[in-house]
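Notes to accompany the following structure.
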């Protein structure tokens with residue numbers, strides 16, 4: 001699933017190419033693409049037609065288009081393989097095209113989704129701590145690249161939990177936008193094993209992890225995000241290349257860039273974690289062991 005840098009790359013592309021345009025028509029080509037919009041396809045198409053796209057916004061991994069003159073946003077769920085492509089209408093239809101919106105600018109906004117886990121849905125905007133967000137996103141915490149992200153407050157929240165530090169990083173109600181890739185990269189930079197317990201880490205250590213997450217995601221942004229296959233692309237269909245700069249994630253058995261020790265892969269929350277056993281020694285007591 002795309003993480004903050006990948007979603008931000010898409011947001012910036014949408015901001016550049018479609019903000020200010022109005023929607024002339026909408027074609028729903030697959031029912032699963034609008035399953036989160038409970039009133040159905042005709043309602044979604046009807047509400048979008050004639051609306052002007054005022055802005056492209058994001059919080060963490062969540063992306064939405066603010067519409068005018070209403071107080072409604074089009075929430076875009078990218079899922080595992082969703083793509084928001086801006087294309088000239090004469091280009092051939094993509095094999096997995098699910099929704100097509102024709103804009104008055106002469107361009108198409110196309111939602112392509114091979115695995116059909118993503119989709120579009122309308123949601124009312126609500127005020128949360130001085131920011132307007134879709135009500136479906138209201139429970140999501142600010143992300144590390146948000147100008148109003150409160151690092152000190154987030155450190156306090158993390159340390160107030162009794163859980164593994166990686167699990168806390170992945171909790172979108174604590175800090176949003178960080179997924180498996182950037183959690184592993186941030187922990188590697190901070191030299192902390194993901195199974196370390198949050199209430200046993202010092203404030204400076206938690207701050208170091210969160211700062212590392214900020215740094216690695218900013219670097220990923222400059223390289224268009226991380227693409228491991230053709231499913232993640234920007235609005236022009238181009239892949240990112242930060243995967244070439246990863247130090248831990250996906251690097252099993254390769255030498256740690258810092259000390260040369262082979263990177264190790266471990267199971268964590270039905271996924272894999274990657275770390276250096278020398279730079280990031282595992283804790284003697286994990287959460288599972290301490291609860292026995």
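For all residues, glycine too, the Cβ spot is worked out from N, Cα and C.
Here Swiss-Prot gives zinc finger for one range in the set 212-246, 247-281: that range is 247-281. Here residue 61 (active site, proton donor) is compared against the recorded positions 2, 96, 115, 271, and the shortest C-alpha distance is to 2. Counted within 10 Å of its Cβ, the other Cβ atoms near residue 161 (DNA binding site) come to 15, all protein chains included. Between the farthest pair of Cα atoms in the DNA binding residues (96, 115, 161), the distance is 42 Å. Rounded to the nearest whole angstrom, the C-alpha distance between residue 3 (active site, proton donor) and residue 96 (DNA binding site) is 22. Spatially, by CA atoms, the recorded positions 2, 96, 115, 161 include one closest to residue 271 (active site, proton donor), and that is 2.
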